[in-house]
Amino acid sequence: MTPFFEALGWSEQFLAQMSDSDIETLTPVRLTEVRRNRVIGLDAQNERVDLALSGDNVATDMAVGDFVLSDGQRLVRVLSRKSVISRKAAGHTSQAQLIAANIDTLFIVTSCNADFNEARLERYVALAIEAETNPVIVMTKADMSLGDPQSYIDRAHAISDRVTALALNSKDPNDVAKLNEWCGPGQTVALVGSSGVGKSTIGRTLTGEDLLTADIREDDAKGRHTTTARSMHLMHAGGWMIDTPGMRELALHDAAAGIATLFEDITDLITECKFSDCQHKTEPGCAILAAIDAGTLSHDRLNRWQKLRDEDATNTGTIATAKERGRKFSKVKRTAFKAKRVRRGEIE
Ligand SMILES: Nc1nc2c(ncn2[C@@H]2O[C@H](COP(=O)(O)OP(=O)(O)OP(=O)(O)O)[C@@H](O)[C@H]2O)c(=O)[nH]1
Ligand SMILES: [Zn+2]
């Protein structure tokens, strides 16, 4: 494959999904846009490719960032993803909407002031873990922080030991360069966080472009000018940034496995409660209540877990079929039991 395609994120993991005959007859493409009945992407030569969707291939099953195989005219299939970020679709439909695929690092942006909120950060971290991307918490406005920026870093680290956290002034390019270690060739990143925390400022510094206004004009089939927002941007460090409208409006849903992992200590304790349907309120033999009594689990943390879990259950209820829920639940249990066995030293 070409150096361009490797910088765009192509790797052995995707190549391994191509048979010998696929390699002879099909071309891999990374999607930069998904429309109703066609998709647009870049091939290994950095050529723009426009593919029709037909048969089983429907737009709702693809996301910006997907690697797909093309026969030159049509999309043949989507290669299995290393990560995917999705959200509950608007309205009462039962479909989760795919936001972006194959993101390596999710920059969760907040600021060293009033926007800083552990509960919100936990939601994003759970979502990143569920999506199988690496969460990095970026705290902006370090230059105008109400307190010591280090205290915010400490609070962010306390959320999970899977989290990397750093503080910076997004208006200072030298400071933003601290993010380069996640932005090199082959890496794909995205920014999430509330409005006004500095996502556009960081995006502009990393890519040299105004993300939301970086539109492309083109002629549609009838010769009219149309404008569409571009959603993949090359970064100075050599990797790519995905920025779609959906990314900016991301809310938490169906993050059961992520929540379980984030609160591993709690999901672990639950397996020791005497009753399998324990509500952890007044039941005898409740491992959660015992841990609170013993001071090894804080009320605060338990409350945050309960809130996040209830919220996730409400959101998920409208999406998942009973079958999917069963699958998710067993995944959660597997995660909890695996963590336990690792701790006991039974497995690595
Ligand atoms: N002093 C200082 N100002 C900052 C910093 N980060 C962002 N700002 C300012 O905060 C304002 C909002 O920043 P944006 O980058 O537009 O925030 P955003 O997250 O993209 O907001 P949306 O576009 O609404 O999603 C701008 O005026 C920035 O100049 C920082 O680290 N320090
Ligand atoms: Zn209990």
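For all residues, glycine too, the Cβ spot is worked out from N, Cα and C.
TrEMBL annotations: computationally assigned, not manually curated.
Residues or ranges marked as domain 'CP-type G' in TrEMBL: 93-250. Annotated domain 'EngC GTPase' per TrEMBL: 101-248, in sequence order. Annotation source TrEMBL lists GTP binding site at T140, K141, A142, D143, G193, S194, S195, G196, V197, G198, K199, S200, T201. The Zn(2+) binding site feature in TrEMBL is assigned to C273, C278, H280, C286.
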*Looking at the binding-site residues S195, V197, C273, C286, which have a C-beta within less than 6 Å of some atom in ligand 1?*
S195, V197
*Among the binding-site residues T140, A142, V197, T201, H280, which have a Cβ atom lying under 6 Å from any atom of ligand 2?*
H280
*asked:* Spatially, which candidate from the binding-site residues C273, C278, H280, C286 is nearest to G193 (GTP binding site), comparing Cα atoms?
replied: H280
*Taking the Cβ of K199 (GTP binding site) as reference, which residues of that chain separated by at least 6 in sequence fall under 8 Å from it?*
V109, L191, V192, G193, R248
_Intrachain C-beta neighbours of C286 (Zn(2+) binding site), sequence separation six or more, cut-off 8 angstroms_ = C273, K274, F275, C278, H280
*Across all chains shown, how many C-beta atoms besides its own are within 10 angstroms of the C-beta of T140 (GTP binding site)?*
27
_Cβ-centroid neighbourhood (8 Å) of the Zn(2+) site, C273, C278, H280, C286 excluded_ = I270, K274, F275, Q279, K281, E283, G285, A287, I288, L289
*In this predicted model, what is the average pLDDT of the domain 'EngC GTPase' (101-248)?*
85
